[in-house]
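As written in TrEMBL, here are the features:
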DOMAIN    117-260  domain 'Flavodoxin-like'
BINDING   123-128, 175-178, 209-218, D244  FMN binding site
DOMAIN    317-558  domain 'FAD-binding FR-type'
BINDING   R336, T572, S632, R633, K638, V639, Y640, V641, T642, D675  NADP(+) binding site
BINDING   R492, Y493, Y494, S495, T510, A511, V512, Y516, G526, V527, T528, T529, W713  FAD binding site
Amino acid sequence: MLTDVAVLSILIEESTKNKQAFYPPSTATEITNTSVKIDYLDETAARILLIDYVYKNILKNWLYTVIGDVMAHLDKVNKQKLPEESELISHLNLPAGSIQMTENSFIKKLQSSGRSLVVFYGSQTGTGEEFAGRLAKEGIRYKLKGMVADPEECDMEELTKLKDIPNSLAVFCLATYGEGDPTDNAMDFIEWLKTDQDLTGLNYAVFGLGNKTYEHYNAVAIYVDKRLEELGASRIYELGLGDDDANIEDDFITWKDKFWPSVCEKFNIESTGEEELTRQFRLITHSPDELKPNEIFTGEISRLLSLQNQRPPYDAKNPFLAQIKVNKELHKGGDRSCLHIELDISNSNMRYEAGDHVAVYPINDSNLVDRLGLLTGANLDEVFSLINTDQESTKKHPFPCPTSYRTALSHYIEITALPRTHILRELVEYCTDEEDKKRLLLMATNSPEGKALYQSFIVDACRNIVHILEDIKSCKPPLDHLCELLPRLQPRYYSISSSPKLYPETVHVTAVVVKYKTPTGRVNKGVTTTWLADNKPEPGKPFPRVPVYIRKSQFRLPLQSQTPIVMVGPGTGLAPFRGFLQERAHARASGKPVGDTVLYFGCRHRDQDYIYQEELEEYVRNGDVILNVAFSRDQPEKVYVTHLLENNLDQIWDIIGKRNGHFYICGDAKNMAVDVRNILVKAIIEKGGRTEAEAVQFIKKLESMKKYSADVWS
């Protein structure tokens, strides 16, 4: 019989030989770099590590492969009879049912359940997954029973076999983020598409989720749509492009309302005309004595008790509970607030570089949570579970269960988001007033009147689910159905405003507190910044804690410190450049040659919102930065950073055109970043002697060489 230590040793040995085959990159890196010395592990420690690395961090659908290769290795080395899978699991003394072998063949799942529609999603914030679920659900109306699938959990090579299922169709709802990048769960699929495949006979359609303020608008969806056709697949309906800067809900509805008739024509089928409003999850209410306290989720993202028993590696599913060591106001006046926050990441093994992002998991406003409980007549402390009615789905719960309603509304559900039209359609069923029903039903349609009403009542008025239930008084949905319908609460990402050269054990965040009055007279608040503003360290009390993890970025300083750089960052766009300045100043103090470091910063008033003023002026005195500051409202004529840039075209061309420098932008994507890019084009034309077309190509070349970088948001 194998010992736990032996199994763990072989797993680590095999994983380091072929990391890509067994583990996602982050996990492979952690195992490769582990400082654990196997020789000194006792059996208890080995068992804990084995469970942690194998069953917690490795994707479930790779588990058979891992065990199979380990057993093959043992057979080859020891020439002994392989233990059965059940024998291996039995030896680990794990409770029955604690290990679930998940079948990653979506073809088998389709065949066994009589389905022919599979909707894959690439989602970073949950919207792509939501759209995929809506399409799969609507398939029933067209006699196409569907399933939602995460490409990361599927053997995507099976796309070549989908044609063997009659009337089969694959739909892809794919988001683009960053610099035209696929979402984390779609990366492997995109890489697979780049290889030579024969997808003849595959029927497909693609809907993209993007934002027009970004240069690489819907790049992933555009690529997948084109590549599938190149590989021989048949496009059922034209590519759909959703714009999150405008109204992505409207884009999606408009696309799918034309998509379904094309599907009907292709497969010679008709709509049943009936809209299915079946629940995706069934409710289980747990009695007070049914579960022990340590069996109930209290805010953990994935693993039960993970926030109480912290174990690296820390990532999106296993965040680190960081102490808030510093939380102070940066503004010196005015009616706005900007926070400087320092998060302690010591003892986390997390590393960051200047330019990276920190993800912060927020908690919803307790007043909103209580209000939603009152409006639905629910006992917020009741413990419940929502179980997927689809046995084939890899998503067993919409969020960690079992949990209490209070925890779900506080940690897992986005209650401040503007509800999409499909949620309004579901709310119709819970209205007792006919006029209320008509109004909600109209907003859920794709008619011009419905779109206009949705725009005015929901979007323009900034009504969240609490406001809707307050204003449509006859609507009384059960809270468990709202928990099913509303999207997951997502982490918020902030550009790190520090350098590990100076602050290796803390991560600094610079964030404006979001707070505004809506047309209905209500005051809406940003989820994360409001929570952070309320959690300041107090003398004699434990430091507040918040779950975080580090997300790597391509926003990087040049490798050579002598390379000149230009940075444009008005407002909190200054954040990553504060880290850059710290890094360059540290290099200069260490005796390294440092090139020109030019910063353009802007704010409203010198005496109110000039953040980090003392630090910046100290850098100027030390010769670490050439500073250009625009105070937009300190004079009758508004002056922005773009005005300062236009006055310095010679300097811009000298750095990027003559001295091989780098150019950085951070901040508003919709206006500022576009204006700055246009000024850059102007500098290349006027000072570099290029045509407009040549100037545009010049910038694209800079981008490809990572000499032009943007960290922007809309």
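In case you wondered, yes, glycine gets a Cβ from its N, Cα and C as well.
Keep in mind that this is a model prediction, so the values were computed, not measured.
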Maximal Cα-Cα distance (Å) across residues annotated as binding FAD, namely R492, Y493, Y494, S495, T510, A511, V512, Y516, G526, V527, T528, T529, W713: 23
Over the residue list R336, T572, S632, R633, K638, V639, Y640, V641, T642, D675, recorded for NADP(+), what is the maximum interresidue Cα distance in Å? 25
Quick one: among the binding-site residues R336, R492, K638, which has the most Cβ atoms sitting within 10 Å of its own Cβ? R492
Inter-residue C-alpha distance, G178 (FMN binding site) and R492 (FAD binding site) (nearest angstrom): 14
Counting Cβ neighbours within 10 Å across all chains shown, tell me which of the binding-site residues A175, V512 comes out on top. A175
Compare the Cα of V512 (FAD binding site) against each of the binding-site residues S123, A175, N211, Y217 and report the nearest. N211
May I ask for the distance between T528 (FAD binding site) and R336 (NADP(+) binding site), taken between their Cα atoms and rounded to an integer number of Å? 16
Looking at the binding-site residues listed here (S123, A175, Y214, Y217, Y494), whose Cα lies nearest to that of T642 (NADP(+) binding site)? Y214
Given the binding-site residues T528, T642, which one is most crowded in terms of C-beta atoms within 10 angstroms? T528
Taking the Cα atoms as reference points, how far is G526 (FAD binding site) from A175 (FMN binding site) in Å? 24
